[in-house]
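Sequence annotations record features per position, and here TrEMBL assigns region 'Disordered' to 22-52, 635-660. Under the heading compositional bias 'Basic residues', TrEMBL lists 24-39, 649-660. The feature compositional bias 'Basic and acidic residues' is assigned by TrEMBL to 40-52, 635-645. The repeat 'WD' annotation in TrEMBL covers 121-161, 202-243, 295-336, 337-378, 379-411. Feature annotation from TrEMBL assigns domain 'Small-subunit processome Utp12' to 509-610.
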Amino acid sequence: MGCQVAGKTLEIFKLREESDTLKQAKKRKKRRQERKKLKHDKENSLKESENHMKDEIVASDMFHLLQIVRVKQKIRSFSFSPAISRKGQLLATVVLSLHNNSVEVYDVTEGSCTPMHLIDLPGHRSDVRSLTLSNDNTLLMSTSHNAVKIWNPISGSCLRTIEAGYGLSGLFVPGNRYAIVGTKEGKLEIFDIGASERVNEVEAHQGTIWSVTLYPNGQGFVSGSADHDVKFWEFKLAEDKGTKALNIANVRTLKMTEDVLSVCFSPDSKYIAVALLDSTIKVFFADSLKFFLSLYGHKLPVLCMAISSDAALLASGSADKNIKIWGLDFGDCHRSLFAHSDSVMAVQFVCNTHYLVSVGKDCKVKYWDADKFELLLSLEGHQAEVWCLAISSLGDFFVTGSHDRSIRRWERTEEPFFLEEEKEKRLEALFDSEQDNMADAHELSKGVPEEGAVALAGKQTQESVTAADSIIEALDLAETELERLRVHEASKEKGIFQPNVLLLGLTPSAYVLRSLSNVCASDLEQALLALPFTDALKLMTYLKEWMIEGSQTELICRVAVLILHLHHPQLVATLSSRPVLTSLYEVLKVGVKRLKDTMGFNLAAMSHLQALLASRSDAVFKDARDKVLAVRENLAKKADQRPDQGHMPVKRRKKRKEAA
């Protein structure tokens, strides 16, 4: 039996036979009696029954410590080989899975524990903290806490492994002969890739070097550090023992007020952007280092940045889980995207496009359209936080590095994908996760509702999801029809506008109202909850028109209150929603007052009719039902008491004949 301890050892025990176990128990009891110096006869005490001895057997009597396997890394798990070996004194073969992604095999005998095999892939033994692709995409450099590895990104084979410091950033020197790595200790390490050795080490900064980026012209690079400095470096060739080797020289230094977390050059060499610990981004002119723009908006520090190939857009990812798209002409924020459920660790533009790739601590890789501000793809594969990202110059593949010590290569295929299908997949996944969370919460909740208590169902159903889909489809169809109508009115051609037959002869507004009114009242709240905020905002723009028309006022008021309750933070933060809310407030008050007046008028008319009917009748109108029932009951009783004519007395029949 093996027992794994919380450390670097594995204890292997041997199970004794039953007779040996009883002997061990007897010896233990004898020793205990000798220690206690019992006065009664020891021989009588040792002649106890075996059944009684079995009751006193403990684990130490059954198990004997055979071997202790000691390894250099923490043990994650172990397993014994099911095959029984016949070789000599070999008792078992045990396999250990270690913390550094390696597997070791040991043979266990009575007197020793011998290592036999080691399965050791050429990957990293700790987090992959940075990735860099060469200009021709033939080499990939990855850094970790104690090594730099050079890979072939196409085949995935490891070409070089070089000892290094804790690398957090890196780059290839043009020509792919040398590489430079910025470390946690503030050093810049220069590596000769062909010789697989570190040729130079420069004390560049007093703090951690978080970012290094190459000049667009390739003649130098920039480093940003936690010591508040942005340093500009140039490449130089220095002779050493008759051979020329690469060296670097500091030519300029830009002093900042906070820790520098990321540095980025614009491809046209015009601007340099610096992300600081105070959650701001400073943009300077690259030639004169004069201040140009300051970008405010993130609530937490900006961890990564990227500038598009045309130098029109800057994307920033932050610890506040958002990606912001900025315009570099005026420094305006085009859009803020809630990108990941945890910190955004890296963003990069695909070359010559406005497509954006982002990675985060939520283990996901996401692909965005920075012009339409839409999420195109969400890729899953990593099992832990994703730290770094590198995109090829052609945009045909990119690689990601993670806390799970893996490097994954994602390749663009010829297979097309459709945005609507991807949205549906994400909604289904979100729906399934919400169902699981609700089920867990229901199991954990101990409160029992009162008997007879009634409340809205807190769980989404297939009907509510279908209702939400029908509302979204109606909104999209109405928006398309309104756009067609605007184009027709703006065109100079005079002709009859042909409405869409899918609207069933209704106006776009009436069609949306029809779809909304078809939703069951019990599913309305969950259907509105499933609507995205953009569609909920579209729906609110129709409420004013419906309220003015005066149709289904109660339904419109309920929809308005539910949307305001469900999306209140987004509505308050969105500028475009304020005019809609202001205009809707006035219309809702007037519409509700009109409905109350109508109901009051109808109630007064019914009271008047009740009074008229009561005045024309001898009976009081409000008791008419009871009195009618009483009259019917009396008539029924009289009918039951009235005898049949065949049994009428003779005298009464004679009188009737005479009268006739």
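Cβ atoms here come from the backbone N, Cα and C positions, even for glycine.
Note that the coordinates shown come from a computational prediction; the quantities given were computed from them, not determined experimentally.
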Are there residues at least 6 beyond the ends of the repeat 'WD' (121-161) whose Cβ is under 8 Å from a Cβ of it, and what are they?
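Here the qualifying positions are 100-102, 167-172, 174, 176, 179, 181, 189, 191, 193, 196, 387-394, 397, 399-403, 405-407, 409.
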Report, as numbers and ranges, every residue of the chain located at least six residues beyond the repeat 'WD' (202-243) whose Cβ falls under 8 Å of a Cβ in that stretch; write 'none' if there are none.
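That would be 168-171, 173-174, 180, 182-190, 249-269, 272, 274.
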Restricting to the same chain and to residues at least six past its boundaries, which positions have a Cβ under 8 Å from a Cβ of the repeat 'WD' (379-411)?
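Counting only partners 6 or more residues beyond its ends, the repeat 'WD' (379-411) has Cβ contacts under 8 Å with 101, 123-133, 135-137, 140, 142, 151, 153, 156, 342, 345-353, 355, 357-367.
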Do you know the DSSP helix, strand and coil residue counts for the repeat 'WD' (202-243)?
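For that range the per-state counts are 0 helix, 27 strand, 15 coil.
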Can you work out the mean pLDDT of the predicted model over the repeat 'WD' (379-411)?
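Within the repeat 'WD' (379-411), the model's average pLDDT equals 93.
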According to DSSP, how is the domain 'Small-subunit processome Utp12' (509-610) divided among helix, strand and coil residues?
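Counts, helix then strand then coil: 89 helix, 0 strand, 13 coil.
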